[in-house]
Structures are given as C-alpha cells and as structure tokens.
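A quick write-up on the structure given underneath.
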C-alpha cells in the first residue's frame, strides 16, 4: 500500500505542477517590468498601478465576477434539479436538453441567442449575458450531480421515509448532503465556464456591457494594450474569488462542505 | 436502480423537480437553437446573415412575407446538407477532430484519476482546499493562460532547450514544440483537465473504504483492488468526465488557432469560419447539426452499451 | 452594484441616459485623449464597445444587435452593412470637414460618393521581418518571394508565419503572381492556391494573434501581417533593446490595403451626436492622433502637419505616388467568390 500511495502522490504532484506552471508565469509576469509579457526583466508594480487607474478594465472585471456568481448560483440550482430528475425518473426530453448545449458549437449558440433576444426586443446587456451563461452551464452541473447519484445507497432515504420523513425532508436531510461534493464540483465548473466565456458573451453583450474576456480579446489587435496589466487583472480576479470562497467557508462552513 | 415513485404525490414531485430546468432550457436554449437549426434549410444572404423571408417596405413600413406555397423553393433547400456529403474533406475533418478529442480525453483521464483519488482519500479539511487548487488556475483569463503555454513551448524556453539538448545527445534534430499538433494536444489537455478531475472526485469521494479493506483481507493486491473494486464503482464518474471533456474538446477552435501549426485545423475552426469569414450561416448550421447529432448518437450508443453491460451482470 | 442597477432599470423599463454617444469600434483605434476632447466639446458621454475581428462584428450586426450610434468597420464591411439596410446616409451638409479627406481615399468603389462612410485610417498587408537575420542570410524582403518562393523559404524554414485569413493571404499570392488582389477569375485563384501549397511546408503557422510577439522575441523572422502591427513590433523590439532590428516595407509586386471608416447605424439612438463625432474626427489634429497612437496610415490630408516626422518617413504609413499606385484596396467579395476562397483555404489547411 505504501509503495502505491507514494506512486499516486508522485503522479498527483506532477499533475498539480502541470496545472500551475502556466499560472506561475501569469502571476510572475504581472510583476515584470516589460510590456512584452515574454521574458523576465525586473520587478515592478506599475501594471497594478495602471490597472487601478483603468476604469474600463476594473468595470469589466466586476461585471465578469457578478455574471459569474449569478450564473453559478442559478445554474447550480437548476442543474442539481435536472441531475436529480434524470437519476430518479426515466425522462426523454431533459437528458437531450442537458447534453445538447454542451455539444452545440458556441458560435451557433451565440448567434441564435442574439437573434432570439432581438426578436424579444430585449435590451442586450449584463442580463442577456447572464441568461445565456446559465443555459450552457446547467448541463455541466446536471451531469456531475447525476453521476454522483448513480449507484447511491437508497436504503438511507428509505429508512428516513420509514421513520416518517416527508420526501422533501428526506431529500434535504439525506440526499442533499450526500450529493454535496457533486454540487460543489458542478458549481465550480459553472463559475469557471462563465468567467472565461468569450464567444457567447460577445454575441449577447450589449452597448457598454463589457466583460473581462471581451475586453482582453479586443486588445489582441492592439498589442500595446495587451500588456501585463492583463496578467495583473487575472491575478487580482483570482485572488478576489479565492478570498470570497474562503470568507464564505469561514462564515458558513457547512455551506461548502459535505457532512 | 432507483425505485420509481408512484402516485399523485410522486408525479407532482417529478413535475416540481424537472420543470424548472426543463422550462429554462426550452426557452433559453432549445427555442433559439431551433431558429438556427432551421437556418440549415435556408439560403445565405448575399451580404451576410440569411436570405430574408420577409420584406419591409421602406416607405410604408409594411412587412410582406416573401415565402409562400408557390415560392418556397426559392427560400428553402436541402442543398446545404448535400454540400456536406459531396466532399470528403468535411468527413476527414470530423475524423481528425474526433481523434484529437479522443486523445485529449484519454490523457485527461490518465492524469486526473490518481489526482482525484488522492483528493477523495485525504481528510475532509484538506479535501476542499485540494479541489479548489485544481480549479484555481482556471480563474485567470483563458488567453493569458494560453500565452503562458506559448512561452513554455517557445524555442527559447528552458523546457524547449532542455528537451532539445537531451535529444541532441542521441543525435536527434532539434524539434519545434510551439505551432505543432503536440502543442495543440497539450493545450487541449490543459484547458479540459479540471472537467475530468471534478466529476471523478465527486464520484470517488463516496466510495466505501471498507470494501477495499475487505478486498485486502481476502488477499487482493493493489492492482486487483483497483481493477475489481475502485474502477467499476467509479465508472459513472468516468463517464461524466469523459462527456465533459470529449464533447467540448470536439468543438474547440481557440487552441488550434493559437498553438497550432499549418495543419492543426479542427471542426470548430471550420464552423467558426462558416459563420464569420465565409458568411455562410446555413452551412455553418449544417456542420453544427452534424456535430451535435454525432455527439448525441455517441452518447446514445454509450448509454445503450452501459445498460446492456449492467443486465449481463 | 451596477449589475443590480441595470437589472432594476430593465425591470422598470426606464430609458438610458440621454446625452450618450455609443461607439462600436476596434479597441484603441481612437485615442482616449481624443475621446475626452470630444466629450468636453459635445457635453456628452462617449461609451465604447469593442470588437477584435471585423467578421465577428459583422455577424453580430447582421443578427440584429442594436444600440450603437457610430460603428468603425473596415471598409470591406461597409457594403454588407449598407446592403442589409443597417446604415444611414451621411448628411454632408453637416460635414464641412469632409474637404480634409485625401482624394485617393474618397469615393471608393466600396462606398461611392461616401454615401455612408468617412475613412479614418488605413493599414497595409505587408511583410515584417528581422532585418538583422535576413541580412546575415542574404534574403531580401522587398518582394513577396520571401513568403512564397520555396527556394528562398528553404533558408528560413519554420521561421515564417502568415495571417490566418484567406482574404489576405490569397490576395498576397495573387499579387505575387501578377494578378489583382481582387481577382474573381477561378484560374488565377488556382494559381495563387498552388503558390501557397508549395510554400506552406516552410511556414511555421497561420497566425493572426501573436506574430508581433514572436517577431519581437526573435522566434519568427518573417511575418505576413498588418503594417500597424509591424510598427508595434518594431517599437517593442527597440524598447526591449534587442540585439536585432525589426523592419517592414512594401513589396514591389504591390500590397493589399484596407481602410477603416466611421459609419452611422440605421438604428442610432443619437444620429445628431454621431455626425458631430465624425465631423470632429475629420479635423486634422484629431485625425492625426490615430496615426500617432497606432502607426496606421492616414487618409486625412489635413492630418499630415500633426503626424510625427518619423512616421511620415515610413512608406506603409505615408506612401509616395508610385508606392500608392501599387496599393490595392481589398474589395468585398460576392458570396460565391467568398465561399470558393474559404473552401480552398480549408483544403489547404487539411493537406499535409
């Protein structure tokens, strides 16, 4: 067992290194005194100074975070319901509707949502972006939650029911805590997908509703603006989200943990 | 499997639970997507978009419907589907994309399994932190992360120089890592890895350790314990991870654009090209339908095979 | 906070702030200082929305996105927008500054009589290169042969990138073969494709996004790209004190050229502010700030006195008469030609 676990540890550390190698470069270069973003020159904080004076970028970051959080909450609730329903009952339509948004090319989804919103005469903006993000995130949550439920021991739920718990009560007290790791995994994916989305956001964004990916991609053609300020905002957003999660888990420890 | 809940209460619960996601997806996904699916049967507009089916009089502002029972042939067609089948390059591109996505999924699975297993086995406090650490790098911007890979794979990086120094010992010509199929696969694996780790972790976390202990008591070695106990139990998680990596990887276009060389095009690039450079939305829709159908077909076959497998047991 | 305000506004159905000009344009095409100056003059607020690709912006507008007053498309985007009824004609009476326009850029086939558009900058598709390296090897970059001739490419194998854009690369190959960049002749297209096929094995990548960086780092020696990007690469290399020099210049066979223009959206909430803005941008000094900031060429004759001297010395920014005669504005293609080129491009990319 010891030899095996040493091997597993080694592999896991290797994978973490793979995940963090590019991130290290992103963070490191946010302190790099060169606008090339390609090789280490010297330490500076000027990109952070530039960032704090760049209203456009800060607003985009805030929009991104807001859209990400709302998307995460709504998609997680809807996705959990969908995942549970797909596990519990033999449904025809729902599984197809859950899988297709993942399979369909983003650009088709972006164009079709734009046409749809225009038909509804809806003002494009943060709301339309959020609605669209929720639509493509539900599937990710649902699939993870269902896989968590599969092969679950039903006897606990039945025991609770035998003891007089209502189905809703049994779900809340037994099933929900059991599938919590699946829900958290789904929520993390939904949040990640939302804050990183470009294509669908581009089409469903309206006048002045900028998100971070939209701002950064529009700078690709303007290399003088695609400088380490972008690394700085990435680093900052990451830290902000991390502290948000840590605070939530301190204030309400049970909200994030499966017990 | 699960017992169906019968009776009025059961039906009510079924409705209550499945309706919210169903209605949401019908409104904000199915309805809009159907508009564009329908576009597959229409003609492209001369200047982009689609050939309009209605016309607005610039003076009166009155709208007239152009498509009628007599004229529908001028507005609707199967030709776009014909174009897909008449040229082998589209099929070739599909096969290539399936191969890239399949390879990506396999590598992700191999990398993710030990990591997920370890996270699931660690104590409750570190577990949350380890999960968070998996996803944390993905809260930085996509483009910036890929640019970081371009630095790592670039010819002047320590990694490239070390590799080429090593190859030089064996008398092998130096290789260029950036702008190659190798770089595309690395990029695809990197951006999809958390979508394999998270479902796997969510599954492995619930495994009952006493089963493994029992197997050990019965004299099973580590490999047998994995292959006979852990692996079969983790299959739902594996399938979820495979779906969440394989399907998005199949439609990817940004990674081949950024890291690929002169022949790293994938089906996603072609679809993007149809909607943008070609301004040929109908053919873009045809390709999207083909891609979506092939994924659904694959999922149906997998589900069918899974249920057959279970019956045999 | 803002998010919830927007949500509330949407629910309440309140109208947006009145004195606001909405600009849909390339990021940074108009310098922030210029925007501030206009805001002070019109006593309004300018809100900018950006795009990073013309075709993305076209797809978005074709699908019906509204709310923009002024759009800043590349000129080949004007016909599709105009023909789809998405633009409104300019009221010339309100644009006395139109006289400042260089006649060579006025009244082009893409917008006869400037009915809809006023150009504000132009870029040339050309070759940017590592002058130090190419001198060492003895390769000249004043001809498209540096990108297309296998005999020359053999010396710089794997050190060349070209734009990931059939329109630009096939146009360059057409010029290399002595044809018009806007040719619709299938035989000429075939020749151009054959040229690209022969050259492709020597190229490192189709790259529209990062060639500036690769040039500056010295990873790539030759890149087929845009003049304003090459200007940027040159500046970056100098700032980073590279051991080599980057340069860019026109090719003797002639280059493709693309102007960008301001147009007014048909659904513009504030057409009055829109025309005011276009007029403002036609003033010599304001127009010159574009060139000074991004190193693009300038179609405004009155801008010249305000453009930095060293920029005026660059042929791609300020071509003389002979050079200008070899620049060919890329036309918008009809649907059939466009699809033929794109299909050829797909086949090229699939071929090993």
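From the backbone N, Cα and C atoms, a Cβ is placed for every residue, glycine too.
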Per TrEMBL, member of C:50, C:76 binding spermidine alongside C:165, C:166, C:167, C:168: C:76
For residue C:167 (spermidine binding site), the number of other Cβ atoms found within 10 Å of its own Cβ: 24
All-chain count of other Cβ atoms within 10 Å of residue C:168 (spermidine binding site): 20
Most Cβ neighbours inside 10 Å, all chains, among the binding-site residues C:76, C:165, C:166: C:166
